[in-house]
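J.: Quick one: the structure is below, and I'll ask about it shortly.
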Amino acid sequence: MEQIAARVTYINLSPDELIQHAVKNGEGVLSSTGALAVTTGKRTGRSPKDRFIVKDEQTADQVAWGNINQPVEQRTFDQLWERALRYLSERAVYISHLQVGADDNYFLPLKVVTEFAWHNLFACDLFIRPSGDHANGKPSWVILSAPGLKTDPERDGVNSDGAVMINLSQRRVLFVGMPYAGEMKKAMFSVLNYLLPPHDVLPMHCAANAGQSGDVALFFGLSGTGKTTLSADPHRFLIGDDEHGWSATSVFNFEGGCYAKCIDLSQEREPMIWNAIRHGAIMENVVLDENGVPDYADARLTQNSRAAYPREHIPLRVENNRGRPPDAVLFLTCDLDGVLPPVALLTKEQAAYYFLSGYTALVGSTEVGSVKGVTSTFSTCFGAPFFPRPPTVYAELLMKRIEATGCQVYLVNTGWTGGAYGEGGERFSIPTTRAIVNAVLSGKLKEGPTEVLSGFNLTIPKSALGVDDHLLNPRKTWEDVSAYDARAQRLIQKFRENFEKFKVPAAIREAGPSDVH
């Protein structure tokens, strides 16, 4: 176990104690909700250009190196790790012993060492607090977080004044100059996404919940497309809102908490999230008024305002943080072109095609420096920034799991219809999408009459309880059918161009869109 020398060391403080320290240290203030409110300066989202993975003998042939998984030498990592240790040795540090992964076979013990008390609270909220000594002899991973230490690109071999470095061989993750706490959870997500596939576990960027009878649903999607909102269902039990593993026998949460977007949060539309933001939670970059009341509509700090809270703040939750293999898998796509249906039933090959494509939109992007507003993107596996191995590794595991369980996969458009974004189209309302999801989870959607949507070759239902029939076929929602066809053809061409980079069996390639006719 890594020994940490510091001026003062606080070990395994309770959330209450960490909140007291954070307020006393001037790291944040208590809001009217009871949640701790903090700000993170210029870094209000992830910094993908500042994220590196150590390239060594173990990882050289296993990681898909490039702009997402940037390589860094062991020597460069070691020098910065030592600099961070020296920096922290002159300060008070906070240490918590946690774990990631709710499955006894696949969890990782985790030692979190932070300069800020609120970063340690974030780790306690988002990771899993084990009961007793639960390491079972497993070697522990170590997170070192020194947001007050800045990097020098020339001296430290990095790109800016901050860096995230993941050392998969040494089980170390380093954060320097990174006040945005979301970096911590996504770094450990990347670690599990690297480690689990050789153990026949599919890691997934998805939310998961369970019905009264134990039936499990998975919601894949990028930030802002509806994972957290749709999985926080008043009639179902939450497993988790963002990161899960799918083994041969179960679905299990990687985390012990939720990290919800707060922009335009409404008590009426999202009561479970609203009520979870209370004492013990953290509000990150949420604007407060002079009375400490949060204004969730105020985006002056960022569109990516967040709340971190433990699963215990959600009354309807699966206690053991896991469930059986899924009965339904939903790919949430936010279509800005307004040409995809609100729901489609996918074959196994189509599931692999749309999983690899990961077509969606960046809605209030989680990345620093992103363009304000909304832009479309193809994000492999519905989470390209977090998957270190080649994408086909994950796609093959997905097909294997679908084949073994026979679960139905659905494509659900939470984006626009009747026209494109900014060109007369309207976004599907949350109640409409919830009705679609309810129809999926009832099992009735796949039993009713269907038709095929030309061009995309998608099987779509002719009716769904609680949804206007005319919304189900996107071609019928456009006033000008020829304008729909032209826009659909344009998107189909984008799909084809994006898919050229994948080396996959013909059956998967042919499951994609063809020309509109």
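Positions of Cβ are set from backbone N, Cα and C atoms, glycine also.
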J.: Out of HIS119, HIS205, HIS279, which is the one Swiss-Prot records at the Mn(2+) site of LYS186, ASP242?
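T.: Site partner of LYS186, ASP242 for Mn(2+), according to Swiss-Prot: HIS205.
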J.: May I ask you to find which of ARG7, ARG46, ARG475, ARG487 Swiss-Prot records for the substrate site already listed with TYR180, LYS186, ARG306?
T.: ARG46
J.: Which three-state DSSP class does THR229 (ATP binding site) fall into?
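T.: Where THR229 (ATP binding site) sits, the three-state DSSP reduction gives helix.
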J.: I need the neighbours of the Mn(2+) site defined by LYS186, HIS205, ASP242. Which other residues of that chain put their C-beta within 8 angstroms of the C-beta centroid, in sequence order?
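T.: Not counting the recorded site residues, we get LYS185, PHE189, GLU243, GLY383, PHE386.
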J.: Could you check which of these binding-site residues, LYS186, HIS205, ASP242, ARG306, sit within 10 Å of GLY221 (ATP binding site), going Cα to Cα?
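T.: For GLY221 (ATP binding site), the binding-site residues whose Cα atoms are within 10 Å come to HIS205, ASP242.
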J.: Under 8 Å Cβ to Cβ from ASP242 (Mn(2+) binding site), same chain, six or more residues apart: give me those in sequence order, or none if nothing qualifies.
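T.: Correct list: LYS185, PHE189, HIS205, CYS206, ALA207, LYS227, THR228, GLU255, CYS258, TYR259.
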